[in-house]
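Input: a single structure, listed below in structure tokens.
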């Protein structure tokens, strides 16, 4: 099912014009796998292949006002139509739309897995405590350890997916997850529950770092929002629908049914993935036109390739790179990434404070049973899902709107952006209004419990919390991937690390805070925090293009220095080889003369 047929029209010409500027594709062809065809050239501003200049952000100016780059004769009155009329460079991806949506659908299910697994057995905690003969606090410890590994695991799987490919990382993660779920369904011991929940978290959470990276592999910035929205819908649905599924399964089939359900879900996902979901990592297959090898191939492609190569000499084994979590930690040191991650973590803290305690608040106020409590999560889950999908289309619309307003025409096929395109502003303009509305909704939600309002009030407000708060951090998630085209999976892993750290803090302290200052003020403080720290997004919007240009210049200087060092080393090696050759020739002449000397002496003596 892997598409190796590049469009011959997508091969870049040396004098091709993109966005009104001469295009040169030198330096963007991957050297990772043999000699890729020209159609594997990576657009300068979109996901360069590993090992290349990772600073190619094409930021020509720190000013966010971009001059018109439209080719002559191209009107910018209709930005979307103009985008499609720009002369195309190499295609950003050779996968057809049907294949892209198939991959995105599989990633939606993978994204749903981790947060759903984290929350699915919340309603079974009292039953687990009784059956295993331990306290509620001890069972809650399994939630804490799950959250810890939920933050750590993506650091390894994210870098592994960037280096080795998405398919190997997905297969390893889901195999671990499958084994852990089988063990959890069969265990009847607390220690086994604790250890296996850690293992379960490792497998399930590893996928979080990969799903956004796959979208970055498949779609340029101008069109990635819709796909990010679908994948993000899986992530935001998990915490809301997990308790519903857990409550139904635990009440009617018993708590082991929760883990057997996860086993069935995993197998149902893993089999078609191994069979028919192609590799997308751009350092492995470029834009999809480089044939993958080994376990980067689908099983169907593997058997076809094996039949075709029957009798041919075996290929050399691929070297599997070891994951390096330090790549993820280094991203935290970048100015714009650090600020975005910290603010996004604060948004998730607020969301987690609602989702983790909604059942407790409803039980205290209205005395609902487990099934009723689970069903009350549906408005929150519905808001999360609508927000994620809708925001995906909104950010794409805002991208086109900004291009039209600035008179910028972008190659829609290859994803090349005009120099200085203000991607930070495009995303922040969508996130900020949702944050401001979310502040008001969050405070209203807080006081609805304080005044014991009708049940419809907190449920409707929880829907809008899902709509606004999760909508804002889903847009910021897209921006994080936009700013790290060289390592999107590692960026998602860094986001997940901070998010889980904030979430763990939220779960640990929210009940104590409510006990001390009351439910109204506890949630209100979180809502006010959203507003107080929101100017950081405006600052990133203002300074982001300048920081990207500084990074581009730094990477270019480092690349030039490396080239000079390599040239000097090569020259030194040549000089050394010449010296060895001259020395060897001299020794040979001396040796030859030494053999002839006795003959000359003999002739002289005669």
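Just so it is clear, glycine is given a Cβ too, placed from its N, Cα and C backbone atoms.
The compositional bias 'Polar residues' feature in TrEMBL is assigned to 53-63.
Annotation source TrEMBL lists compositional bias 'Basic and acidic residues' at 550-562 (among others).
What TrEMBL lists as compositional bias 'Basic and acidic residues' is 575-584 (among others). Outside the compositional bias 'Basic and acidic residues' (575-584), and at least 6 residues removed from its termini, no chain residue falls within Cβ reach (under 8 Å).
If you look up TrEMBL, you'll see 103-545 marked as domain 'Major facilitator superfamily (MFS) profile'.
Residues or ranges marked as transmembrane segment in TrEMBL: 100-124 (among others).
Feature annotation from TrEMBL assigns transmembrane segment to 136-157 (among others).
Within its own chain, the transmembrane segment (169-186) is flanked in space by residues 110, 113, 117, 153, 157, 160-161, 192-193, 196-197, 199-200, 202-204, 206-207, 210, 256, 259-260, 262-263, 266-267, 269-270, 273-274, 295, 489, which lie at least six positions past its ends and keep a Cβ under 8 Å from the stretch. If you look up TrEMBL, you'll see 169-186 (among others) marked as transmembrane segment.
The transmembrane segment annotation in TrEMBL covers 192-215 (among others).
Feature annotation from TrEMBL assigns transmembrane segment to 227-252 (among others). Packing against the transmembrane segment (227-252) from elsewhere in the chain are residues 100, 104-105, 107-124, 127, 208, 211-212, 214-215, 218-219, 258, 261, 351-352, 355, 359, 370-371, 373-375, 377-378, 380-382, 384-385, 387-393, 395, 466, 470, 474, 477-478, 481: each is 6 or more residues past its ends and has a CB under 8 Å from a CB in it.
The transmembrane segment annotation in TrEMBL covers 258-277 (among others).
If you look up TrEMBL, you'll see 340-359 (among others) marked as transmembrane segment. Counting only same-chain residues 6+ beyond the ends of the transmembrane segment (340-359), those with a CB under 8 A from a CB of the stretch are 119, 122-123, 239-240, 243, 332, 373-374, 376-377, 380, 435, 442, 445, 462, 465-466, 469-470, 472-473, 476-477, 479-480, 483, 494-495, 498-499, 501-503, 505-507, 510-511, 514, 523, 526-527, 529-530, 533-534, 536-537, 540.
Residues or ranges marked as transmembrane segment in TrEMBL: 371-395 (among others). Below 8 angstroms of C-beta separation, residues 123, 225-230, 232-233, 235-237, 239-241, 243-248, 251, 354-355, 358-359, 362-363, 426-427, 430, 434, 459-460, 462-468, 470-471, 474-475, 478 of the same chain, each at least six residues beyond the ends of the transmembrane segment (371-395), sit close to that stretch.
Non-local neighbours of the transmembrane segment (430-450) in the same chain are 347, 350, 354, 361, 365, 387, 391, 394-395, 398, 457-458, 461-462, 464-465, 467-469, 471-472, 475-476, 479, 518-524, 526-528, 530-531, 534, 537-538; each lies 6+ residues outside the stretch with a CB under 8 Å from one of its CB atoms. For 430-450 (among others), the entry in TrEMBL reads transmembrane segment.
According to TrEMBL, the transmembrane segment annotation covers 456-481 (among others). Sequence-distant contacts of the transmembrane segment (456-481), counting only residues of its own chain at least 6 positions beyond either end whose CB sits under 8 Å from a CB of the stretch, comprise 212-213, 215-216, 224-225, 228-229, 232, 236, 240, 337, 340-341, 343-344, 347-348, 350-351, 354, 358, 361-362, 376, 379-388, 390-392, 395, 423-424, 427-428, 430-432, 434-435, 437-438, 441-442, 444-445, 448-449, 488, 491-492, 494-495, 530, 537.
Annotation comment: TrEMBL describes 493-514 (among others) as transmembrane segment. Beyond the ends of the transmembrane segment (493-514), by six or more residues, the same chain brings 143-144, 147-148, 150-152, 154-155, 157-159, 205, 208-209, 328-329, 331-332, 337, 341-342, 344-346, 348-350, 352-353, 356-357, 360, 477, 480, 522, 525 to within a C-beta distance below 8 angstroms of the stretch.
The transmembrane segment annotation in TrEMBL covers 520-540 (among others).
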| In the compositional bias 'Basic and acidic residues' (550-562), how many residues does DSSP call helix, how many strand, and how many coil? | 13 helix, 0 strand, 0 coil
| query | Near the transmembrane segment (100-124), which residues from the same chain, at least 6 beyond its ends, have a CB less than 8 A from one of its CBs? | reply | 93, 143, 146-147, 150, 170, 174, 177, 200-201, 204-205, 207-208, 210-211, 214-215, 218-219, 227, 230-239, 241-243, 245-247, 249-251, 255, 258, 262, 265-266, 269, 272-273, 276-278, 280, 355, 359, 370, 373-374
| remark: Averaging pLDDT over all residues of the domain 'Major facilitator superfamily (MFS) profile' (103-545) gives 85
| field | Secondary structure content, the compositional bias 'Basic and acidic residues' (575-584) (per DSSP, counts of residues) | value | 10 helix, 0 strand, 0 coil
